[in-house]
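Over in TrEMBL, the protein carries these features:
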- 10-65: coiled coil (COILED)
- 75-92: compositional bias 'Acidic residues' (COMPBIAS)
- 93-107: compositional bias 'Low complexity' (COMPBIAS)
- 108-124: compositional bias 'Acidic residues' (COMPBIAS)
- 69-124: region 'Disordered' (REGION)
């Protein structure tokens with residue numbers, strides 16, 4: 001009887017080892033899949049960063065052509081962003097120019113500050 005119980009124990013250990021091996025292979029496949037996704041994402045981010053740099057250069061060139069001080073605009077945006085961060089920390093929500101507090105603007109048929117529909121074109 002001693003050999004029978006030992007065989008049963010060995011069979012249990014072998015079964016557990018097979019399950020563990022299958023689980024390790026499953027996890028290995030998941031890790032390889034994640035690694036592939038990370039590499040693909042890294043490639044996409046690199047391409048987006050390159051495209052963003054090109055667009056930034058174009059916008060800066062256009063701004064200079066139009067006589068806009070790019071550094072002054074960037075400083076103004078930073079100041080506004082810091083102000084937004086401060087108001088968020090104080091618990092107040094977007095109160096600048098929005099009396100309803102819902103982020104909506106007056107409906108005058110335009111969305112842009114320049115009287116256009118927001119995309120830079122005048123639909124009149």
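Cβ coordinates are placed from backbone N, Cα and C, and glycine is handled just like the others.
Remember, TrEMBL labels are computer predictions, not curated facts.
It should be emphasised that the depicted structure is a prediction, and the values quoted were computed from it without experimental measurement.
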DSSP-derived helix, strand and coil totals, residue by residue, for the compositional bias 'Acidic residues' (75-92): 16 helix, 0 strand, 2 coil
Mean predicted confidence [pLDDT] for the coiled coil (10-65): 97
